[in-house]
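Some notes on the structure that comes next.
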Amino acid sequence: MTVTIATLGFPRIGPKRELKFALEAYWAGKTDADALLDTARDLRAKTWTRQAALGVAHVPSNDFSLYDHVLDTAVMVGAIPAAYGWSGGTVDLATYFAMARGDQGRPAAEACGPGCGHAPGADGVPALEMTKWFDTNYHYLAPELSPGQAFALTSSKPVDEFLEAKALGVHTRPVLLGPVTFLKLAKTKAEGFSPLSLLSALLPVYGQVLRGLAAAGADWVQIDEPCLALDLTDFERAELRRAYGALTHAAPGVRLMLTSYFGGYGENLATAVNLPVEGLHLDLVRAPDELEAALAASRESLVLSLGVIDGRNVWRADLPALLDRLEPVVARRGSDRVVLAPSCSLLHTPIDLDLETALDPEIRQWLAFAVQKVEALAVLAQALNGGRASVAAALEASAQAARARATSPRIHDPKVAERLAAVTPDMTRRRSPYDQRREAQRARLNLPPLPTTTIGSFPQTTEVRQARAAFAKGQISDATYEAFLRQETARAVAWQETVGLDVLVHGEFERNDMVQYFGEQLAGFAFTQSGWVQSYGSRCVRPPILFGDVSRPAPMTVDWWRYAQGLTRRPMKGMLTGPVTILNWSFVRDDLPRETACRQIALAIRDEVVDLEATGAAIIQIDEAALREGLPLRRGDWDAYLDWAVESFRLAASGVADATQIHTHMCYSEFNDIIAAIGAMDADVISIETARSKMELLDAFVGYAYPAQIGPGVYDIHSPRVPAVEEMTTLLAAARQRLAGEQLWVNPDCGLKTRKWPETQAAIVNMVEAARRARAS
């Protein structure tokens, strides 16, 4: 027997973002369902055959999704809220995409095309609530469940895709999101109701799926229960035992590989190793010390999947060092009971480093994307099966790359270290308490009650993207590109004045991404051409690679702010991305504590804040959209993270006078458990994403007696749906029941970059009218 390799999941989007473009063409009505599904089928085929060719013995299937795997699971088990008008049977694409993106409810004659995702003639309904997948930058759609929820098998996707791969000659290991994690991720509108109470109703459907896979020929099935990386109660652990007892009994011919990731099992390890499954995956990147405990606690027959290659970051592994750890494990456990794998699904990494033809060669040799990570696993397996000499050249190349990175002068900047050492506590505090700052800001800004604004970005149209691409390729000059951007900015400013917004933004047309734009102007970052990863649905991002010490060589946003402010007498916000978000939305160096890297970024942003104020900016927004997602999965680790995250924000924000108003923005967030940290950030105004939660997220601010101002999002920008004025006035009324009117701002949930202008204009006009009505009431 030999050591084999597995992947837990592979990127879905395609090396050239084929899925993104197929989805957007379908939604726009330019293509039909057959074209979309053909693209999806082609991507799956290439992914399966490529992994098999690289030597993966356990190739995953059912890890592909048209939008989100949690949504796929909800559809598979028939968890379709009544609002979507589903009457049983197969869930069609219109219903599927309505759950993902919302449903404007246009009459059939006005439907935007066969791929719009709207159910013509139905009442408009919002999308399911979207939130972050554990502590990653991927978003999932939260299932919406209710007491008495009925489940039924309504999709054959897992079996269909297993058979699809089988027809190509690839025997796969299907992947299912586990029933306990599925229920823990679900939302409910029923007070005091726990979705986990539905486990007994859900398990028979999972049993049907497993039996169907067994009948199709599957011998292993991977079941993901990442909830095992969380703090679980004794009851939840008991429910896991009950669930897996039932699943093992339901399909005795199928071997189950239980996977958890993004952290160790901790106090859940005893439960995990004793579940009636044949295999258990360990995330040995996040929890390297858990290997010995798992070996000692588990039965000899349990197959251990060792997640030794980082599935969430882009750094090349030191293979000889990994072999030093793995060789004793194989000798002790036996090669037939060891599988090598990434720490988690490779969904979170770019696909192929070979596509990066323009990347700095020195930095490139330090990196590994999904394909290269699989190749690294193959080298490890060959070394374990055939000896190190059989892959000597690959091992030496790996060791040489590790040495080169560790000794490169591009990693460390003594000036950055000196500046960081000179930071004092006073640099992380505003000059006066909030009450005093509020009066100074009121006098300076003279805004009406319930002031209206947007979060920052406006739609990046085809014309904007084409101009950016032409500029990047050298097809247009600097002057031509800047003139185009000025024209777009001027149009956006004029439109905002016309519709009556109180505080304006310049639209960010010059920015490709809210993190990449800043990273490109900061020392210590590198960027890719094709390093795309999925954020949600068709939304893809190219995270910067933070490889060295960070500093700001020159001002980054001042010129664009000065130009935009010169077009209007209304306040123009300076728009910055905060240090914690830049950190959390980047691939971060692993040779330095994250908090140290974050403080370096904070000093760079502080310089920009001070320069904006000196240029005349009265309002400066420092977005910390990703503050919460950086939270460790274990509560016991939260305080340490929040301490340095809040300190980093304050270090960036505290260099200004009392009359300068500091805004921040957070999205995808639940605030109850971090409200004290949000208060400690000491921002003058915070805008948050609340529309999908119907303002319930504000309850945290009420209980905390949050003193500063808040802009609760009054409509969901992740959906193309345009909310009615009455819908937004209802949300504002709900907000005013929770907070004093003088605390409230009126704004969308998030930036508008991914929306189209017609829906944006209609929604903002309605929002401004809703604010006017609310002021008059």
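Quick reminder: no glycine exception, Cβ is built from N, Cα and C everywhere.
Noted in Swiss-Prot for the protein shown:
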BINDING   R17, E18, L19, K20, K132, R539, C540, W585, E629  5-methyltetrahydropteroyltri-L-glutamate binding site
BINDING   I455, G456, S457, E508, D623  L-methionine binding site
BINDING   I455, G456, S457, E508, D623  L-homocysteine binding site
BINDING   H665, C667, E689, C750  Zn(2+) binding site
ACT_SITE  H718  active site, proton donor
Quiz prompt | From L19, K132, C540, E629, H665, H718: recorded positions whose CA lies within 10 A of I455 (L-methionine binding site) | solution = H665
Quiz item: With the L-homocysteine site defined by I455, G456, S457, E508, D623, which remaining residues of that chain have Cβ atoms positioned within 8 Å of the Cβ centroid?
Solution: T454, V505, M514, M575, Q621, H665, G751, L752, K753
Self-check item: Shortest C-alpha distance to L19 (5-methyltetrahydropteroyltri-L-glutamate binding site) - which of the recorded positions S457, D623, H665, E689, H718
Solution: H718
Quiz item: When you put C750 (Zn(2+) binding site) at the centre and draw a 10 Å sphere around its Cα, which of the recorded positions R17, G456, S457, E629, H718 have their Cα inside it?
Solution: G456, S457, H718
Quiz prompt | R17, K132, H665 filtered to the binding-site residues whose C-alpha is within 10 Å of D623 (L-methionine binding site) | solution = H665
Quiz item: Going by DSSP, is E629 (5-methyltetrahydropteroyltri-L-glutamate binding site) part of a helix, a strand, or coil?
Solution: helix
Practice problem: Would you mind reading off the Cα separation of E689 (Zn(2+) binding site) from E508 (L-methionine binding site), to the nearest angstrom? | Solution: 20
Quiz item: What is the separation, in Å, between the Cα atoms of G456 (L-methionine binding site) and C667 (Zn(2+) binding site)?
Solution: 13
Practice problem: Using all protein chains in view, find how many other C-beta atoms are within 10 Å of the C-beta of D623 (L-methionine binding site). | Solution: 25
Practice problem: Give the distance between the Cα atoms of K132 (5-methyltetrahydropteroyltri-L-glutamate binding site) and S457 (L-methionine binding site), rounded to the nearest whole Å. | Solution: 21
Quiz prompt | Fewest-neighbour residue among recorded positions, criterion Cβ within 10 Å, set R17, H665, H718 | solution = R17
Quiz item: Cα distance, R17 (5-methyltetrahydropteroyltri-L-glutamate binding site) to S457 (L-methionine binding site), nearest Å?
Solution: 23
Quiz item: Three-state secondary structure of S457 (L-methionine binding site) from DSSP?
Solution: strand
Exercise. Rounding to the nearest whole angstrom, report the longest C-alpha distance spanning I455, G456, S457, E508, D623, listed for L-homocysteine.
Key: 13
